[in-house]
Structure formats: C-alpha cells, structure tokens
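Notes follow once the structure below has been shown.
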C-alpha cells in the first residue's frame, strides 16, 4: 500500500470515528437530519462520477438507481423484516445488476443519446413502481424503521451514521477505481474510445464494470432513505432533482478525481440545506445555478482541479 | 492555467452564492418571545398551486395579533418551502421543532408530504394540525393530530361517499370508474369502488390511465360501450380538462345521470375560467362554495380580504378550496391554546378532543384520531355558467350543493346530457 493510500484510509477512519462520536456531543437532531442529506449527496455524486466522470458517460439516470435502492430496501424491510445492513447490501447488488443491464442496452450509444437513454430508465422504473401495489403504487408506502441500536441516541443520529459509513465506503471505492488499472482504462475511454480500443483496452468490459459500480453506489445511497423519511413514494424517490444534483455536484467539485464529487456535494448540498431553511427555494435554485455557471465559466475542471493547479503553480 | 483575475471572479461569485442564504435569511428575534407556529408550504414544485393557503395562515396570524395575540403573546409564523418534495420534509420539521422551537405545527399539504412527518410527531409527542392529508392519521393514530380539512372519519374510503349517496338516490345500478394513476385519484377510485359495492352497484368499467394522458376518446368510447348509469372520475387538472373536452366531442349516453365525483381542477379559478359553460351539469367534490347555506359573514369577510391579496400575488383568485381551511387551522390552534390556557401539546389536544370549535368554516368536533366527526365534503353541481367570467362563481346558484343534506341548496339536475346543455 502506498503512503497516500495509507493516509487516505486513516483520514476516512478518523472521519467515520468522528461521525460515530458526534451524536453524543451535538445534541440537536436537526443537524443529523440535514447532515444525512449532505452525506446522501456525497454518495450519489461519488457513484455518478465513476461512470460520468472517469469514463465520461453522462448518466441522467442516477434517480433511477437511487429510487431502485429506495424501493428494494423498503420492500425487503417491510415484507421480510431484513435488517438495515442487509437491505443496503441487497440494494447495492441490485443496483450493480441494473447497471450492467442498462450498460448492455445503452453503452453502444454515446454522448447526448446515451444521456437520453439513461433518462428513460428513470421513467420506466417510476412507471413500474406506480403500478405495483405491493410497493404501494402511487400512494406510497409507510416504513416505520427499526428502533436505533443502543450506541446511537436516536433514529436521525443512527441514519446519519449509517449514511456516513456508506459514503466512506463509496469514496474509498471511487478512489480505488481511480488509482487502479480500471481508472486508467476508463480515462483512456474518456480521452478517445476508438484509440483505447485499438490499444487493447477492453472498453466494453470496463464500461460495464463502471456501470455496475456506479449503479451499486447509487442504489446503496437510496437504501437508508425509507428509514429517513419513514415513507416512500415514487415521485420523490425518482425525482429529477436527484439526477440533476448528481451531475451538478461532480461538475462543481471536479470530475477527474474522487475528491471532486465529495467537495462539490459538501458545498452544494450544504448550501441547499441552509437555503431551504433560511430563504425561499426559488433563490436556493438560483444560487445553485449561479455557482454552477461560475464554475463552468471560470473553472471547468471544478474545485479539485483549481486547487491542483494552484498547488502546482506554487510548487513550480 | 487560470489567471489570478479569473480565480478572484470565481471566488467572489462562489462567496456571494454561499453567503447570501445566511445574510438574507437572518431573522429578527422578538423580545417578548412570541408563540411560534411552524409549517412547510409547497411554494415551489408540482404542488405550488396550493401555496395560496399561505395567505390563509397570514390572515389568521394578523387577526390574532390585532386582537392582542394568544395568552398575551404575539403569534409568529415560521414557514419553509418543502419544494413539493417529501425528501425535504423531515429536515424541515426537525428545524421547526429543534432549532426554531415552534409551539404548534401545521403539516405540509396532502397525504404524501404529510406522511414523512407523522412518525416524527408521534415519536416526539407533538401537537399538529393536518392540512388536507386524506386519512393522514389512520396509520400513526397520534392523539395530538387534528385535521383542518373536512374529510371526516374513515376518509380513505368515505370522503367521496356523497357522490354514491346521490347515485343511490337516483337508482343507479351500473357505474363506471376512471382514475389517474396518481396518489389522490387512485385512493379516491379505490374507495369509490368499495362504496359502490356496498351499495350494490355493479362496477361495469374500472380503469386507470397514465398521468400525462391527453386524449380520452378511446376511454370515453369504452365507457359508452359499458353503458353505465353514472361515471365516477378521479382526475388531476390537466386530465379533468381533457375529459370534459372529450365528452363534448364524442358525447355520452343519455342514460348517464351523474358525471364527475373526484375531479381536481373544477374547484380552481383557472379551470372554471377556461372551461366555463362546458362544466355545466358536472357533479364534483368541493370544500366550500358561496351558497346561502355556507356563506356566513365570517367567511365572506375572509374572502373579501383574501381576493385582493391573491390577485396581487398572482395566485388563485377565487381560493374556495384551500385557503379557508388554512385559516381554520390557525383558528383550531388558537382555540386549543386559549381553551387550555397553555401551549402544552397534551393540554391543547385534550381541549380539542373535548370541545367543539367555532371556525369560519363552521363548527368542528373531532374524533379520537383527529378526523372531523362529521364528513363535510360537498358534492356540488355546476349550473347556469355563462361565458368565462370568474366573477359569476362568487354568486350563489352556480355551484349548487347537492350533498351533504344539511347544507343542500338544490336537487340534482339529471341526466347529465340534459344538465350539460341546458
């Protein structure tokens, strides 16, 4: 293991440990409700970036994977009483399978056509859920979650810690993909798919792998959601906002490294959470737009790229 | 390579974006510790058409404060926008309770947005007035939750029973049911089918359609082929328009005595204005219409103040459906606080369970899970509509109350075809 990797893992372990301790220090549950959403978006942005950032395939279907995770977890819990960790694991496996299936069907097309096809996935899944009465259909499904374990003071704190662990694992996975042979291959695909294919890069296999990993992370991000809201319904679970945020956050943070989506999600989701409870959401959306335009115009590589360049310049 | 100037521009833009919420959102804290009433309202998103309810809250707050407040304290509203998304609701209500320290809560609009908050208020044992959520407390059964809407007990099934009572009185034996594939209309259709069965009616046609359907010609032809005596429709505004227009184009059997039931849209000015005379004959649900049995000085006074504000804000100018009940929510909270002389949830709830409250929408008494003891959903028939002028709907006789019998202002004009063209 390289020194950087060791430092990264220590950092992740420290953050997770702090997350477990925080509920006992910070008593107000509101911060855990808001923090949950921020961490959920860290996971979503990280998951999206594996395919959208590393491989350059813009996926508008993040909400489809997220919603699939939400519903699978809600169904498994209410029907079979599966514990939350197993629900998350099942959602991740389901997301991976869904990712491979979507990949097989759509990876032959590129650019804007791929984006449209992925958007279709959301509509298809939402329509399916609308028409399955076991999932509550359009009326939704009430999910009264389990009592939190004794090491957590309340349900909101427990959900927060669970989401933190999912986010930490997702970021570690994204970093592993980035620095391993998979990341090198995906970068080659993004630079020029034809050239990569000619050089012996197994492009289809790599893209399918990226789809599976991305799908697994996105679905895992949705798995604790039923326990957060205690209620799931298709319009919110498959909301376009999730898909848009999944794209906006990595673009603002930077799509080339694992740190980009994390920074973008922390920044944007925090602003959204603060704005929701301070100013009107019309202005909230305006601010998101302003920040997005500012980054596209002045820093197309995102925050991570900006930091990298400034650091590089300082060193030179 | 980025230039220093570009970096500075970016920094300024990002800082402005990040700092603005904090600056604009700064709130003044009153010194005399007002009673805080917290709610989320769908100011944006698909349910933004319900934001005119906020005018009801604000008028109530102004009235209460003008009368000296409650328990000698001013009333302050704390409102957040849930963006019509259930995902935002848990954090908003935690903020209202844990940070803003609200004494009274009003729920978000409707069943799907209210559902996420029910476990929270039950777990924390909080007092809440529910806003238009059908059967909102049937699962949680929280004893400190009270509906401001007139759905009545067992509302998941029974709220549109008035339509079937009318059908039964007309000797309807065969009924057709169509509904949009969305929450409210699906529940209405399901409840309707059960009531029809209970009344011994045969459901000869029962079909749901996808939410974005705009052409109903084949559905209307199929309904005609099934030959029903009444048609129960649970639709949303866009499809309500398309169905009315489709019937005008294709026609419907002379046997049909009742047409409508649970169509969303004909309660609002936008649709009343655009469809105008095409709505004649329709029998549909409502919560308030300016008929003599309902028009009291109190509610007239409410609308006299509501209308200019609504026109100025560019929201629904009639406001019959939602805003009065947002005012009622405030009145219920005020009655509970004054009656129990406290803002303690248990004492407030105890008062509302034990007493009948006089509101602008009439007297309200609650059962053990906070439903109105008596269902007071109106079934009105639209009649005598000429042209597209909205002002005509402020006069009696345009939306005649057929049910409930206690508020009735006229008899059903049937069959539908005759009522439609007369």
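In case you wondered, yes, glycine gets a Cβ from its N, Cα and C as well.
Record features (TrEMBL):
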- A:7-25: transmembrane segment (TRANSMEM)
- A:31-51: transmembrane segment (TRANSMEM)
- A:58-77: transmembrane segment (TRANSMEM)
- A:83-105: transmembrane segment (TRANSMEM)
- A:112-138: transmembrane segment (TRANSMEM)
- A:158-177: transmembrane segment (TRANSMEM)
- A:208-228: transmembrane segment (TRANSMEM)
- A:234-252: transmembrane segment (TRANSMEM)
- A:259-279: transmembrane segment (TRANSMEM)
- A:285-307: transmembrane segment (TRANSMEM)
Problem - Cβ pairs under 8 Å between the transmembrane segment (A:83-105) and the transmembrane segment (A:234-252), at least three - result: no
Exercise for the section: Using a Cβ cut-off of under 8 Å, list the residues of the same chain at least 6 residues beyond the transmembrane segment (A:158-177) that approach it. Expected result: 8-9, 12, 15-16, 19-20, 22-23, 32-33, 35-36, 39-40, 42-43, 46-47, 49-50, 54, 84, 88, 145, 148-149, 152, 183, 186, 210, 213, 217, 220-221, 223-224, 227-228, 258, 261-262
Completion exercise
Relative to the transmembrane segment (A:234-252), the stretch among A:31-51, A:112-138, A:208-228, A:259-279, A:285-307 with the most Cβ pairs under 8 Å is A:259-279
Handout entry: Region pair the transmembrane segment (A:58-77) / the transmembrane segment (A:208-228), three or more CB pairs under 8 Å
Key = yes
Practice task
Sort out for me which stretch, of A:31-51, A:208-228, A:285-307, has the most Cβ pairs below 8 angstroms to the transmembrane segment (A:259-279).
Solution key: A:31-51
Practice task
With Cβ distances under 8 Å as the criterion, find the stretch in A:112-138, A:208-228, A:285-307 that has the most pairs with the transmembrane segment (A:31-51).
Solution key: A:208-228
Problem - Contact set, same chain, for the transmembrane segment (A:208-228): CB under 8 Å, 6 or more residues outside the stretch - result: 33, 36, 40, 43-44, 46-48, 50-52, 54-55, 57, 59, 62, 65-70, 72-74, 77, 84, 87-88, 90-100, 102-104, 107, 141, 143, 145-146, 155-156, 159, 162-163, 166, 170, 173-174, 177, 182, 186, 237, 246
